[in-house]
Structure formats: C-alpha cells, structure tokens
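Comments concern the structure below.
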Amino acid sequence: MADQIVFPQSPLPASPLFDDVLCRQSEGWGPYSPDRYDLTLCFEYSTLYGAVSMVTILLLIARYHYLVTYGVPHRLGRTACIYWPTQISIALTAALMMTQIGSFLLEATAKKGDNGDPVVPLVAVLGCLGMGLAWIAALFVNRLEHRFEIRSSTIIFLLYLTSIASTGIILHTHYDLQHNNKTSTTIQVLPLILALFVQLVGFTVEAWPRGSTRVQQLSGAPEYDKANIFSRLVMYFFQPVVSIGIQRTLTAEDTANLLSAGSRTQPGYQKLSARWNAALQKRARNPRNLRPPSLFWTVMRTHLVALLPIIFCRILIALLSYALPVLLSRLLDYLQDYETKPQSYGIFLACSMFLVALFVALLYTYNRHQMFLINIETKAALISMIYRKSLRLSPGSRLKSTTGEITNHMAVDAEQWNDGMVFLSTWISIPLEIGIALFLLYRFLGWSMIAGFLGMVLLLPLQGLQAKVFESMQSRKLTAMDQRIRLTTEVLAGIKIVKIYGWESAFLQRILSTRNQELAALKVIGVLQAFMSIIFISSSLIISLIAFGVFALWGGPDFTPGVLTPQVVFVSMTLFAMLRNPIANLSEAITSSISLIIGTRRIQEFLLREEIREEDVIRFMKVPKDPRDPVIFLKDASFTWSDLATPSQTDNFAENEEHQPLISSEQSSSASSAQATLESINLSIRNRSLTAIVGRVGQGKSSLLSAIIGEMYKLQGRAQVSGRIAYVPQQSWIMNATLRDNIVFGNEYNEERYQHILFACGLEPDLAILPAGDMTEIGERGINLSGGQKQRVSLARAAYDDADIYLLDDPLSAVDAHVDRHLWDNLLGPTGLLRNKARVLVTHGIQHLRDVDWIVMLKDGMIAEQGNYHELIKDKSIFYQLIKEYATARRPSLSGRRKSSAAILPPQDSSVTSELSSGNDFDNTDHHNTEGSTLLVSDVHDSDSASFTFTDTTDISDQGAGETTTSNPEIPTTTTKDDVKKDTKAELITAEKMKEGQVDANIFLVYMKALRYRNAVLIWILFITAQACLVGTSLWLKYWIKRTQESQDLTNNNTDDSNDAPTATPPPSVGLFLGVYALLTLFYVLLYVAVSWLTFAYARIQASELLHRNFVTKIMRLPMSFFDTTPLGRVLNRFSSDFTAIDDRLPNKFFDACYFIVTVAGTFMLIIYTAPQFLLVLPLLLAAYYVIQVCFLRISQVVTRMYSVSKSPVYQHFNESLNGVSTIRAMAIQGQFIEGNGERTDRMANSSMCTMTSKRWVEVQLRLLSTFILLFAALFAVLGREHLDPSLVGLTISFAMSITEEITSLVRIGCDFQNHLVAVERVIEYTDLKTEAPEHTNVILPPNWPSQGHIRFRHYSTRYREGLDLVLKDISLEILPTQKIGIVGRTGAGKSSLTLALFRIIEAASSSSSPSVLAGVGVGGSGGLTIDMREEEEENRGSIEIDGIDISTIGLEDLRKHLAIIPQDPTLFAGTIRSNLDPFQELPDHQLWEALERSHLKPFISALPGGLSFQVSQNGENFSVGQRSLICLARALLRRSKILVLDEATAAVDVETDELIQRTIRKEFAGTTVLTIAHRIKTVMDSDRILVLENGRVEEFEAPQVLLRRKGESLFFKLAEQAGEI
C-alpha cells in the first residue's frame, strides 16, 4: 500500500539523531504511515504535543506579562463555580501528563518492540513533558484571567480544544498500533485516557456561558466583551438579538450594548491621535523634511498589534483553502482506483474536506469580524479627530474647508474605513493564494502552467492603468460631490430666501450641473469597470484556455500532446476557479484601496491645516485683584482675517459660521489684503465697566470682538484678556434642545438664579405661550423662536454662565423698543444684573450711549475716538456729528425709563443678586444635554415676529401674549414649572421615523424603473447566457475527457488483441477541442464586458440621475412647513450617505446578486444532474437557507435603518457645532461638545456594529450549511463510486467546493441589496410628500404686472400648517397704490406672517382645515354669540388681490418674481456678486452697477478684485451684515417691482446706514407701494398709514398722526411712547 501514498514521508532531514534517539520506530517520522492510512506516532507526539505545547507556552508567558503589566482588576470577585473546577482540571491534567512520562519511561526500560526498538519513542516523552509544562503555565495564567477579565481566556480555551483533539488522535494511533500487535496493553496510556476525561470536564466548565454569573452581570460590559472565543467564532453572542428580532421588531434598546469597549470613540481617538501627534512632532523636529506625515500609515501602525493575528489568519485561511484541491485530487484518485483502497479511506477524505471547509468558514468569518472591529475603531477615531480639528481651525483654514466639505470628510472619507481593513488585508492573501494556486497547477499541468502564468503577467500592466485612471476619476467624483453637498447645504439652509425671491429653478440648475459632473466621473469609472472585467473576472477562464491548450498540444513527455484525465482537468479547474477569487479580489482591492487612500489623504490634508493661534491672545482665567488693572488690554494691536504668510486657495470659500466677515480667497491674495482689518488698536477695559463700540457698517466693530476672543490673526502688538468670557454673537446661535438647556448650557441648574435671569432677559411672558414652558424643544436654528426671542435666549445663556467678561455683538438690534428698554434696565445697563461685570457692547443704536462708561468709535478699522459720552460730545468730532444728526428728537428721561421698567420688577433676593453679580460662585460644569434630532447649518436672523409655528398645538411666534410688556403691570410673573404646562414634552421635531418590516416590493420596482425595465431584463439575459457559456466550457472539458479516454481504451483493447485488425477510431481533433473551448471563452468574456458596461456605465447612471433629479426637484418644491419641522441633517443625510449607496453600493449589489443567482442555479442543476440522490437533501437545504434568509432579513433591515437614522444626529451636532464654533471657543466649552460628539459617534458605531455583526451571523450560518453540501456531494460520490463517472464526479465536486462561497455570497448580497434599497426607500419617502402650489398656471398676467401696487386683503386667514391655530384672522384691508404702510405690533402679533402670506410662503386657511374651536375672544366682542360669529369668519379662506388679481390663482414663481423684498436676514450665497444679484443672468452689467451705485455699494464693490466677479464666500461671510443688507437693497432695485416689502431690513445696521437706506427707498421707490416692518418706530413715523396688528387681527389702520392723537386709546401710541418717539 505504500506506493499509494504520494506525499513525502519525512519533513525532517535524515539524521541519526532524529532516527536513532528520538523516534526509533519502524514507521519513522512520516507524517504518513507506510503501512496504515494514518499518521505516524513520532509525528503526532512531535507536532500535536511538542510543537503545540511550545507555541502555547510562549503565548501564555506573553499573556501573563501583559496581564501583570497592563491589566486592570475588575474587582468583582471570582466566579467560584468556574474558577475552582478549571484550576483543578488544569492541575490534574498537568499531573497526569507527568504521570504519563513516568509510564513511558517505565515501559521503555521494560519492553522492546519486535525489531528491538523501544515500544514508546523518546519524542513521546518530550511531547508529554512540553504539554505538562504548558498546563502548569496555564495554572498561573488562569488565576490572573479571573482577576482581570470577565470572560473565558482565549488561550486556555484553545489549549483545552487542541489538547483534547491531540490526545484523541494520539490515543487512536495507540489503539491502532495495539490492534496491529505493535504495542502493549491499554494500561500504558491510562494517564492519557484519564487526562482526556479531565480535559473534557474542564473544557465544559471553561466554555460554559457566563452571562448569568455575578461577575458578568455586575460588569455591565457589552455582549461581545463577555463572549468566549467559541461564541465569537459562531457569533452566538448575537443570538439573543436574533431571537428578539424574530419575535418582534428590534428597537434601539435591544441593540444598545453591542459595541466593544475598545472600539468606542475615546480610546480609539487617544491611540490614533497619540500616534498622529508623534508623527507631527517628528516632522517638526526635522525642518528639512517637507513631506507631511502619512495618516494612512499612522492608522496602520496604530493597529499593528491587532493586525498581526489578522494577517496570520489570512495566511492560514489561504493555506487551508488550497488544501481542498489536494484532498479532491486524493478523492478522484481513490474513485479511479477504489478497488485497492477501503471505503473508509474515501469517507475519511470526504470528512476531511468537510472539516477543512468548516474550519476555513469559521476562521474566515471570525477574521472578518476582527477586521471590522478595527474599522469601527478607526472610523470613530477619525470622526473625532475631524470634529476636534474643526473646533480649532484658523480663519485662513476656514476659507479652504466649507461645512459641506468637512461633513463629507465624516460622511464619505471616514466611511471608506467601514471595509477598509478587509481589503487591505487581501494584499497579504492575494499573492499567497496566487502563488499556491500556481504551484499546485504546476504539479498537475507541468510547464504548461507557465503559459497561463505569462498570460496573467501580460495583463498586469492594464491593472496599473486601471488604478491610475480610477484614482483620477475617484478624485474628480469626490470633488464634484463636495461641491454638490456644499451648494445643497447652503441652498437648503437659506431655502426661505430662495423661495421668497423665486430662485428655486436657478439654484436647481446649479445643483444639477454639479451632479452631472459627478455622474460623468462615475460613468468613466463604470466604463473602466466593464473593460477591466476582462482581467479580473474572465482572466481565470482565459488563463485556463491558454494552459489547457498548451497542455493538450505539448504537455506530454518530450512535448508530446498531454492526456487530459479527470484528475488533471477538474483539480485544475478547481484551482482555476479558486484563482479567480484572488484575481477578482485584486480588482476590488485596487479600487477600494485607492478610494481608502484618497479618502484618508483628504482627511490628512484637513488635519494638517492651520489651527487658530492661541498665543495671539494671552489669557488668564482669573480677574486681576487690582481693580485698576484692565480685564481686556490691547496695545498697538493689528489684526486681519487672512494669514498673510499662507497663500489662500482660490477655489474655496469660507465655511458656514456665525457671522465672521471672513474674506474670500481672492481678496486675501490681492494687494488690498495686505492691509489689516483692525490696525493699531489701543484699548483698555476695566472690570465692572460698560464699553460701547460704535461705528458705521463695515468699520470693524464685530471684528474687534472677534479679535478679543482670538478669532483673528494678530499681526502685531499685544492682546491680553483676564477672566472668563461669555460671547453673544450678532446672529444668535441656538441649539436644538429645550429652552432650559439652551440657557443653562451644561452648567449646574439653580432654580432661583435661573428665574432671575429669565426675568432680566424678558423671557417670562414668552414662557407663558410655550406649550411646555422652558422644557419646550427649540427647533433647528431656533426656528420656532422669533429673532428677538433668540437673541434674548442667547443673552440668558451668557448671563447664566456667570462669566467675568461679556462681549455683546449688537444684541439689541433684533428686539422691539420696549424690550430694548427692559433689557437695558434689568440686564445690560448700569442697573442691570450684569452691572458688576465687564461688558463690551457693539451697538448701532445711540439711545443708550449716555449711560455707558466708555465709548469707542471705529472708522476704517481704527479707533477714531474713545472716551466717555460727555468728553466725546465736548470734542465735537465724528461722534458728536453722529449724535447731532441722528439723535432722537424726543427722549424720555432716565427716571421715566426706571419708572416704566419698575412696573414689572419683582422683589429680588439680595443674596441671589449678589451671587449673580459676583462672578465667583457659578459651578461651570462640562455636562450639557444636547440631545435632539436636528441639524443646525446656519443661523437665521429673524425679527421678534418673523418666525414660524412648529408645535403641534400652538404657534409660538405669531400668537398669544406679547413680549415683555413693560407697560402692563398686571401681567404676573410666569413660572417654568412643568406641572403648570399642558404639554410636558412639547417636542418640536419628533425622532426620525423608521419603517418596519421588509422593504416594500414597490421600492424594488421604483429602482427597476429608474434603471429602466428593458435594461434590467437585458442584464438578466446577458447573465444567463454568460453562465451558460461558463458551464459549457466545463461540460466541453468533461466531454473531451470522455472522448479521449474512450479512444485510448479502444486503442489499448485493439492492441492487446493481435488476432483482430485495429478498429480504433482516431483521437478527437485537438484543434476542434481548442476551437470550441476558445469560442465559449470568448463569448463569456464579451458577454461579461457587455453586462458590466450596461450595468455600471449606462443603467446605473440613468438611475442615479433620475432619482437625484426627482429628489432635489421635489425638495426644492416642498413647502416651508416641511423645512420648519424637518432637521436639515435628515435631508443632507439623504443627499450624502443615501445617494452614495444609490450611486455605488446598490448597483454593485444588484450586479453581484444577478451573478450569484445564475451561478448558484447552474451549480445546483449540475450537481443534481450528476448525483440525483442530492434531491433527497436539497429540500432540507433550501428550507434551511430560506429560514436563515428570512431571519436575517427581519433583523438586517431593521438594523440597517437604525444605522441610517443614527447618522443624522452626528451630522446635526457637527453642523450645529460649526455654526457656533466662535461661541464654543470663546466660552471655552470645547470639551462639552467633544463629549457630545463622542456619544453620538458611539451610538452610530454601535448601530454599525449591530449591522455588521448581523452579517457575520448569517455568514456563519450559511457557511456552516454550505459545507454540508460539499460533504453530501463527496459522500454520495464515495458511496456510489461503482456507478458514477469520475469525470462527472470531479466536475460536480469542483462546483460544490465553490458553492460554499457562492451561496453565502448570494444570500448575503441578496440581503445587502434589499438593505441598500432602504436608501431608495428613504429618498422616495420625501418625493411622495405634497409640494407647494404650481410655479406657473394658465392665468395670463397683464404686461408689467403689477403696474399699480394695489393690494387688497379680503377676510384673509392663515395658519403655518395643518392642525395649528390661525396666525392671521379675518384680515380685511386695502392698500392703495404707492402708499407707504408701516406695520407694527408686539411680538407674535402677526407682522411677518402678513408678508409671508403676500409671498404665499404660507397659504390661506381653508375651512376644512380650520380647528373647530379657536381660543381667545376678538377685540370689541364678548359672549358666546360673538365668539361663534368670529370663528365662522375665521374659517373663511379669504383672499389677497394685487391689482385686482387673486394671487392664489397664479403660479408661485410668477408671483414672487414680481415682488421685491429686503429681508431681515440678508442672505448671500457662495458664488459671484453677479450671481447673487442676478442668478438667472438676465441683466446686463451696467444695470447691476447702477443698482449697486444707488445702494451705496459701487465704490466698495469696484475696489474688490474682479468687481462683479468677486467671489462671495459661503453665506456671505466675507461681507458684514450691513453690507449684505445693502446688496439685498440692490436686488430690490433690480426687481423694479411696484410692491416692496421691508421686513426689519435695517435692524442690523447703524443709524447712519439706516438713514441711507431709508433715503434710497424714499427716492427710488417713490412710485412703489412699500410695506415696512420695523423695530424702530421712528422708521415708520413718516408712513402714509400705520397697520397695527394684535393677536393676528387688524387692531388699527390709520395715518400715524391720527393714531397719535388718540393717546391712551391707541396701541400705536403706547408703542411709540415706549420707544421714546413721543
């Protein structure tokens, strides 16, 4: 029998030392016995005991050192029921091993074998000694494991497992030798038998689940951290989640504790940032090294220790995978000569193939899961690094990184690491797998394999070309995507302005243009994928054609034709099929690695950008003890927004921030940029002083505050700040949180202090109309608060922080006059709550300047004058001229103001007042609850009445009580206790809805329709035809083998029979064989290229373009109520993550699903054709696959949706932080927001962990099930060996060997395809929403409409959305042509609602949607009868007519483009000045210059580089607020409309600029109907008529002179009196 074993007999060199001393057995070292179908005893003891024990001892020593050095005791005690049994088991096993050594030595001295050799070789003694020492070492390690770890020790678990298996094999060999009379009795190995029993008991205890133990229950650790190695291998720790998911829909609580502690954000960030900082420091120490450190290699070095076992596993998987073809070769050899070998040998080979496949399946899944843990940790760490870096960016760096681009770094670039390590690890396995395959092919095909190898080598240059082109296209695609996301973010953030101006179509075209650039790059990538499929998919078939062709022609001895036997062909086919995987993976590895490297490089470039220079401003945290020392000190200080040492890039814009006037890249690179924004500033501000910063628009007032907080570059001089800073920006930054959270802002809550601050900020009356008081959720960008309310919340936040220095950037511009008075008297002024603090107030008003301690007058970035009020007036310089020209003619006395405010001043506790004023008693903690579900992307500077209603029951902004009604002493103090509110939660924005169950079939049809049905059908046809060609090549080989063997058999028979003439037919033509084989191969290659091109370069582009165009078009047409109640982050999540899935992942999964469906179907049919017995088990297998798929789908679709939903809070918080980064840095609360980012990232990582673990769970189940297919196919072949054709068996088993991967991939990819359809589902969710009215209708407007400007309201009522109360109620009034109407009213009166109704931002209320009962009683009526009549009137829809045309009958664009508005929030968009004035590019330049001249901007714009082509940064941040207002004035001038609306247009400008705007309006719009909403009563005093609104109704509508004569009866009189105008 020895000649049947073809493996080498001894892996060790022949040596007397080994043969005579260690082994001394007739069978030798082996590994295979020449007499038995088994391993030799020497090999078993040397390898299974000796080698294993040595490796184990080294691992145990390393583990012992690690635990002693780095281990942290859990201090939860030991689990006695596990600890002591395992310790006893380990000790007994070690003792029994030593006993076995004594038994062997005793037997060796007493007995000899038949040939005089010892019965037991010396190597057995050494092997048992090594194993005994290993168990002794395990005794000490197990003690430490129970002290430091809560889970089973992996090393001890594996030691048990390998020791049991090794002992069992050795005992079997002893039994076999005893059976052959080559050894003595069983008593010789009795210690080994007892050791096996003890190990089984110990292993049972060690492997027993510990979830119910006290230690694990008290630990609170994630399930993964508690699972032993077996549970991790088979994913059993995930089984409880699966069980819950099968019974009911999973919730977030069910999957909340899956993320491993080591994969969380904080530890991952600490490891990666430490390496990155070390790399940066190393570079800094070597100035000559201009090459930046590599973030990619920093990540790799960070995870080097974790990568080593992964690399080892990849190598082991590759080696074991190629053991299957070797076993198949043995099996085919057995089937061809089964008479000489026992059937048990065939069964052994079949079982060996099963075990190898099983081990590969488990190892592969576990290895992928370990790589995924590294991916999660890396992604979380990168997101944290990006977030922290964004909080440290300098002004120059912000020019190069817009909010959209930074978001893309998180959403796209960091996302590349989701599978990054998987593809990187393939670079280890691919060369190894290709090398092993070529080596084995050489053994079967000889030198003919070299021809195939050369064919593969010739294809390699094309791979380099593919990598180069792909990298270029991927970079172009990502750049276009950055532009698209940036533009989309900006447009959606300013969607209200876009709609009011009627610019939807213009911005839609800009977005679609950038999308087309993105799709163009994607199409090139698709074409590249199609043609490169020749290499990566068809290469194995091409190589097999070349190799088989050469072998058939010259593969025999002396270059004679080779003989194609089943063993040669089908083992080679199996190897070629296995070779296809690394070659195909090479394509994916190249593209994925390039994408990963590019994404990481983009993050690296961002991380290397300049940070803010903290040394520019010297900071001391405490106020100087000497009151004469200043808290703010600037000496000869010059500041600029651009870093003159660092050139700016000309293709980037400033990021979306609060209000900083960042200059554009062109401006920074121009000659004018050399001038400092602030120059030679000398300023000293003492503690407890009130300093006012005044000056015209664009003179540097806001920049001065930014310089103090360190937001600008310091060019020269000294800047010093002593004390904690609280900063109130001009445009309020409000978080999506409760009102209380926005005020407390992470500090410790103190009820008494809190209530006093609410009063001082005038917020108490506002709380009365909020559904849940201060626990009401504030929407994104403070959307459900008016501009004045937002500003007062911002002031309350600063006051509650109890800082030492208060920097206040014009906080009074957004509030009404009486609110201004209250804030001054009770908060900011000399008698206010902050009177003992240092206050720096930027103001455009002059009414409070008499009361300040110090006034600083800025002009052209320099301090023109400074001093107290009386000194500056006495000097009669610039300040004097300003006051003389613009001072209010009538001004109430100080005592009058005290009297008006005292009416609502409650008694104050002196202790509280002292505490608030001292600045020493606040406990400023870093715990701020920013839980919410929205994303802030830009601040909206609305007026006190220009907000929208977003609660389900009431309108906050335009209903209910007024603001702080200082003139009404009867209003009681409002409490904020929850028990007095009717709605205790008042969530404005509900959690994002997540659909349940499987993805609807309609979603699949929607995607097929987007692909085009004919394309989908053609793809299926091409796949089926290609698969037929592939199977045809295998069947043709089988047929050729059969013909060749028949010809040889006939020839041999005729040669042996000398009496008969030769009748053998000639052998089949090699040319025919190669011709048909080449033709089938060519057809397969062409079909595969065709289907790849059709899928990736045509159908995918059509689907992506159609879905995106429909989505963005629908989003632009949705009503404002959608944007009011939907966080921008949810929409952007769809534009970024979901469309990334639609563009890339979904087409790939569809393509792969089609491929594997036809492949698996073909394989099953072939197996059934070969072995019909397979039909007996096929139904069971299909049922098992179906059950697994159903279970997986029930879980995976839920967790996929959870993962999609979990991204939105991360993006929301990120954008929210970027919007308020100046406030965050000024108040030094970065740690609080970093912690919030980490919490959200951990929740997203946990959802990602759940998603990927579910995939690994189903992969384990599928691979385990698929290995049984291989087992059944092999067993059926062995059991039916007498009736089956070896060629057909070889073909079947070669396909069955690949079926494991194919079925696993089919189910996984099919489920992934359905999961990725969730992206389409989420997109369709918004495209199904109801849009606004049509942009155009059939109504033909008269030429130059409106030609008169005649406006008539007829019983008009409206609400912000369905289910809310009316905000305008039965408005009936007529505005004659060219009249100037001033609109006034308290907060919530409905002023801005009236203008929104004019532009149809909100529509007239229909009677069907009006509430049945309306709260409140109309003015002038009481009693039930009057209420019923009023309600009936309110439910009447009403209408608005302009020049006799009902505006509800015309299109929205037709209406809005014929009206002009200067909004309160002067919004600019990234682009040129020209595009901001004329986005449709309809007007010539001279008209634009004329409008700029009339708006007093021509000198400024003409001085800018490029003039009208000057680039406006994102949100217009390189212009001051006042300059933006003037640009909006120029827009209105260009409209040439007969109707102009001024919505608080001059709230944010100084009095001089206000006068300029008013003068321009009076001159340029003399023949225009003008509707003006103003905080400053003086602005509307010269109006023709005053419209006074109260609670949504017309209270008064008369000439101002008439109303003022009514005195006490007129509401307008009261407002004017409070404003000091009378």
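First residue shown is number 1, and so on along the chain.
Yeah, the Cβs are placed from backbone N, Cα and C, and that goes for glycine too.
Just so you know, TrEMBL annotations are computer predictions that nobody has curated.
Residues or ranges marked as compositional bias 'Polar residues' in TrEMBL: 908-922.
Here TrEMBL flags 951-975 as compositional bias 'Low complexity'.
Sequence annotations record features per position, and here TrEMBL assigns domain 'ABC transmembrane type-1' to 310-595 (among others).
What TrEMBL records for 1021-1315 (among others) is domain 'ABC transmembrane type-1'.
For 894-930 (among others), the entry in TrEMBL reads region 'Disordered'.
According to TrEMBL, the feature region 'Disordered' maps to 951-981 (among others).
Only residues 6 or more beyond the boundaries of the transmembrane segment (48-68), in the same chain, are considered here, and those with a CB under 8 A from a CB of the stretch are 123-124, 126-128, 130-131, 133-134, 137-138, 140-141, 144-145, 147-148, 153, 155, 159, 162-163, 165-166, 169-170. What TrEMBL records for 48-68 (among others) is transmembrane segment.
Within the chain carrying the transmembrane segment (119-141), a Cβ under 8 angstroms from the stretch's Cβ atoms is held by residues 21-25, 41-42, 45-46, 48-50, 52-54, 56-57, 60-61, 63-64, 67, 87, 90-91, 93-94, 97-98, 100-101, 104-105, 107-108, 111-113, 153, 155-156, 159, 163, 166, 183-184, 188, all 6 or more beyond its ends. For 119-141 (among others), the entry in TrEMBL reads transmembrane segment.
What TrEMBL lists as transmembrane segment is 153-175 (among others).
Residues or ranges marked as transmembrane segment in TrEMBL: 187-208 (among others). Tertiary proximity for the transmembrane segment (187-208) is limited to same-chain residues at least six positions away from its ends with a CB under 8 Å from its CB atoms, namely 82, 85-86, 88-90, 92-93, 96-97, 99-100, 103-104, 107, 119-120, 152-153, 156-157, 160-161, 163-164, 167-168, 170-171, 174, 228, 230.
Distant neighbours of the transmembrane segment (304-324): 353, 356-357, 359-360, 363-364, 366-367, 370-371, 373-374, 421, 425-426, 428-429, 432-433, 436-437, 440, 574-575, 578, 1297; these residues of the same chain sit at least 6 beyond its ends, with a Cβ under 8 Å from one of its Cβ atoms. The transmembrane segment annotation in TrEMBL covers 304-324 (among others).
Look at TrEMBL and you will find 344-366 (among others) tagged as transmembrane segment.
According to TrEMBL, the transmembrane segment annotation covers 420-441 (among others). Same-chain neighbours of the transmembrane segment (420-441): 300, 303, 307, 310-311, 314-315, 317-319, 321-322, 325-326, 367-368, 371-372, 374-375, 378, 449, 452-453, 547, 571-572, 575-576, 578-579, 581-583, 585-586, 588-589, 592-593, 596, counting only residues six or more beyond its ends whose CB sits under 8 Å from a CB of the stretch.
Here TrEMBL flags 447-467 (among others) as transmembrane segment.
Here TrEMBL flags 559-579 (among others) as transmembrane segment.
Under the heading transmembrane segment, TrEMBL lists 1017-1037 (among others).
Sequence-distant contacts of the transmembrane segment (1175-1195) (same chain, at least 6 residues past either end, Cβ-Cβ under 8 Å): 241-242, 245-246, 250, 998, 1164, 1168, 1254, 1257-1258, 1261-1262, 1265, 1268-1269, 1272, 1303, 1307, 1310-1311, 1314. Long-range neighbours of the transmembrane segment (1150-1169) within the same chain, counting only residues 6 or more positions beyond its ends whose Cβ lies under 8 Å from a Cβ of the stretch, are 1011, 1019-1020, 1023-1024, 1026-1028, 1030-1031, 1034, 1091-1092, 1095-1096, 1175, 1178, 1269, 1273, 1291-1292, 1295-1296, 1298-1299, 1302-1303, 1305-1306, 1309-1310, 1313.
Residues 38-41, 44-45, 48-49, 52, 56, 59-60, 63, 86, 90, 93, 131, 134-135, 138, 141-142, 145, 183, 186, 188-189, 192-193, 195-196, 199-200, 202-203, 206-207, 228-230 of the same chain, all 6+ positions outside the transmembrane segment (153-175), place their C-beta atoms under 8 angstroms from a C-beta of that stretch.
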